[in-house]
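Some notes on the structure that comes next.
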Amino acid sequence: MAISTPMLVTFCVYIFGMILIGFIAWRSTKNFDDYILGGRSLGPFVTALSAGASDMSGWLLMGLPGAIFLSGISESWIAIGLTLGAWINWKLVAGRLRVHTEFNNNALTLPDYFTGRFEDKSRVLRIISALVILLFFTIYCASGIVAGARLFESTFGMSYETALWAGAAATIIYTFIGGFLAVSWTDTVQASLMIFALILTPVMVIVGVGGFSESLEVIKQKSIENVDMLKGLNFVAIISLMGWGLGYFGQPHILARFMAADSHHSIVHARRISMTWMILCLAGAVAVGFFGIAYFNNNPALAGAVNQNSERVFIELAQILFNPWIAGVLLSAILAAVMSTLSCQLLVCSSAITEDLYKAFLRKSASQQELVWVGRVMVLVVALIAIALAANPDNRVLGLVSYAWAGFGAAFGPVVLFSVMWSRMTRNGALAGMIIGAVTVIVWKQYGWLDLYEIIPGFIFGSLGIVIFSLLGKAPTAAMQERFAKADAHYHSAPPSKLQAE
């Protein structure tokens with residue numbers, strides 16, 4: 001399609017704004033702690049929106065509305081599962097992880113935290129977890145770059161090769177320059193843009209059809225199954241869709257936001273903000289797909305692109321219902337969703353290399369400035385590898401991204417959850433949980449037993465592995481138990497205000 005000047009200008013202004021934030025963050029980045037975790041200085045608002053934006057990729061504005069448009073409201077079970085999982089993660093893990101990482105050598109990364117928490121002198125936990133992060137997040141990054149390239153390709157009529165670099169360049173620049181603060185501040189802007197788009201668009205769709213009741217009648221007339229929450233689903237299918245929520249406990253880029261909060265007491269505010277944002281965004285995405293059924297049913301002449309690819313429902317509605325300036329802002333929300341997740345994943349990969357491999361094994365005495373620049377170079381290296389993988393969007397390696405959410409959820413999720421909740425957990429328990437969870441996901445996905453989403457057995461067996469191997473081996477050292485007790489007491493300490501952190 002021919003790109004309009006207003007849309008092009010809007011995209012360029014947005015991208016320039018993100019890069020400008022990167023330069024502002026650069027001025028506040030004094031050491032490696034600042035570059036990787038923002039000096040643990042994020043307030044509740046930035047913590048909340050950064051966690052949300054880093055979580056919700058382009059799937060929120062393309063995949064979810066497309067699935068609802070194609071199959072009806074029954075596809076919303078995954079949104080319900082994600083909402084529940086995110087809330088439990090905020091409630092049980094967020095504040096505790098913020099405290100425990102600080103009490104365990106001020107850990108900057110998950111591998112660093114595992115090493116300190118379980119006094120792993122062999123550093124096996126650090127190596128395994130860092131390599132798992134590098135493998136899957138590099139592929140994750142490649143997948144995000146493909147999504148950004150597809151957006152530029154379809155919106156601006158670019159070749160895929162040009163779109164590949166155009167889509168990735170801005171994210172790489174502001175992440176390279178500003179590190180964690182740039183990523184978190186841009187996430188906040190991007191999250192605001194996403195919620196604006198997902199509230200405004202379905203409202204205008206409903207108005208365009210003739211109101212809520214009229215829209216619902218049109219949807220029912222097309223197929224009554226569109227409003228059936230149980231359409232084509234059995235108990236296992238519903239549990240599998242809901243099971244996506246288990247992934248939150250083990251996603252390094254989301255957990256990093258908890259670790260970067262200025263205090264565990266501010267987590268309660270952040271939870272309320274983040275969950276409100278998430279519920280509104282998911283409801284908006286579902287509404288875009290759901291009421292899009294009514295709009296395109298009433299306007300079949302406009303439905304060609306959507307009928308060919310249901311994931312374009314948000315894009316087409318934005319271009320049809322709004323003038324090019326507003327449409328440009330709304331379509332920037334898709335780019336925001338892609339960029340916010342990609343930048344977080346690039347930074348997690350960079351920190352895994354710099355903190356958990358370079359500093360831990362090669363340069364223990366490296367200066368803060370050296371680590372910051374190594375971190376920046378690693379952002380660039382990982383990005384270039386991801387771009388190389390994304391150069392062929394049909395690359396089989398990209399298929400491994402389907403393992404990533406379940407893999408992280410099952411391998412890291414139980415370990416993180418038990419590590420902040422159970423003082424009796426040991427290094428062998430952590431290692432067993434990580435390996436059993438990951439292997440279960442891989443094997444279960446290959447054989448597809450019971451048609452059950454592999455994260456569920458992976459999480460269950462990983463948890464059992466933690467408990468069994470922790471109880472079979474030696475008890476944690478006195479120092480480990482004392483450190484856990486101090487961290488737990490600090491977590492439950494009274495906040496400065498009357499608001500309780502629990």
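Note that the numbers count up from 1, one per residue, in the order the chain is shown.
Any Cβ shown, glycine's included, is placed from N, Cα and C.
There are 32 other CB atoms within 10 A of the CB of C344 (site 'Involved in high-affinity binding for sodium and proline'), with all protein chains counted. According to Swiss-Prot, the feature site 'Involved in high-affinity binding for sodium and proline' maps to C344, an assignment based on similarity to another entry.
Residues annotated as transmembrane segment in Swiss-Prot: 6-26 (among others).
What Swiss-Prot records for 68-88 (among others) is transmembrane segment.
Residues or ranges marked as transmembrane segment in Swiss-Prot: 127-147 (among others). Counting only same-chain residues 6+ beyond the ends of the transmembrane segment (127-147), those with a CB under 8 A from a CB of the stretch are 57-58, 62, 109-111, 114, 164, 167-168, 252-253, 338, 341-342, 345-346, 348-349, 352-353, 356-357, 382-383, 385-387, 389-390, 393, 395, 397-398, 400-401, 403-404, 407-408, 411-412, 431, 434-435, 438.
Listed as Cβ neighbours of the transmembrane segment (163-183) (distance under 8 Å, sequence separation of 6 or more from its ends, same chain) are residues 15, 18-19, 21-26, 28-29, 34-38, 50, 54, 145-146, 148-153, 156, 256, 260, 335, 338-340, 342-344, 346-347, 372, 375-376, 379-380, 383, 386-387, 390-391. Taken from Swiss-Prot, the feature transmembrane segment covers 163-183 (among others).
Remote same-chain partners of the transmembrane segment (192-212), defined as residues 6 or more beyond its termini with a Cβ less than 8 Å from a stretch Cβ, comprise 14, 49, 53, 56, 60-61, 218, 277, 280-281, 284-285, 287-288, 291-292, 294-295, 298, 314, 317-318, 321-322, 329-330, 332-333, 336-337. Annotation comment: Swiss-Prot describes 192-212 (among others) as transmembrane segment.
Taken from Swiss-Prot, the feature transmembrane segment covers 235-255 (among others), and the record attributes it to sequence analysis.
Proximity of distant same-chain residues to the transmembrane segment (276-296), defined by a Cβ-Cβ separation under 8 Å and at least 6 residues beyond the stretch ends, is recorded for 48-49, 52, 55-56, 60-61, 64-70, 72-73, 75-76, 79, 82-83, 86, 191, 194-195, 197-199, 201-202, 205-206, 208-209, 214-216, 218-219, 222, 226, 302-303, 306-307, 310, 313-314, 317. Among the features that Swiss-Prot reports, transmembrane segment is placed at 276-296 (among others).
Feature annotation from Swiss-Prot assigns transmembrane segment to 320-340 (among others); the stated evidence is sequence analysis. Beyond the ends of the transmembrane segment (320-340), by six or more residues, the same chain brings 4-11, 14-15, 18, 53-54, 56-62, 144, 147-148, 151, 155, 167, 170-171, 183, 186-187, 189-191, 193-194, 196-198, 200-201, 204-205, 208, 302, 314 to within a C-beta distance below 8 angstroms of the stretch.
Taken from Swiss-Prot, the feature transmembrane segment applies to 371-391 (among others), supported by sequence analysis. Sequence-distant neighbours of the transmembrane segment (371-391) (same chain, 6+ residues past either end, Cβ-Cβ under 8 Å): 29, 31-32, 34-36, 134, 137-139, 141-146, 149, 161, 164-165, 168, 172, 175-177, 179, 346-347, 349-351, 353-355, 358-359, 397-398.
Within its own chain, the transmembrane segment (398-418) has Cβ neighbours under 8 Å at 92-93, 97, 110, 114, 129, 132, 136-137, 139-140, 142-143, 146, 244, 246-252, 255, 389-390, 425, 429-430, 433-435, 437-438, 440-442, 445, 453-455, 458-459, 462-463, 465-467, counting only residues six or more beyond its boundaries. Annotation source Swiss-Prot lists transmembrane segment at 398-418 (among others).
Residues 114, 117-118, 124-125, 128-129, 132, 236, 402-403, 406-407, 410-415, 418-419, 457-459, 461-466, 468-469 of the same chain lie 6+ residues outside the transmembrane segment (430-450) yet bring a C-beta within less than 8 angstroms of a C-beta in it. Annotation source Swiss-Prot lists transmembrane segment at 430-450 (among others).
Sequence-distant neighbours of the transmembrane segment (452-472) (same chain, 6+ residues past either end, Cβ-Cβ under 8 Å): 236, 239-241, 243-244, 246-247, 405-407, 409-411, 413-415, 417-418, 422, 424-426, 428-438, 440-441, 444-445. According to Swiss-Prot, the feature transmembrane segment maps to 452-472 (among others), an assignment based on sequence analysis.
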With H, G and I counted as helix, E and B as strand and the rest as coil, say where DSSP puts C344 (site 'Involved in high-affinity binding for sodium and proline').
helix
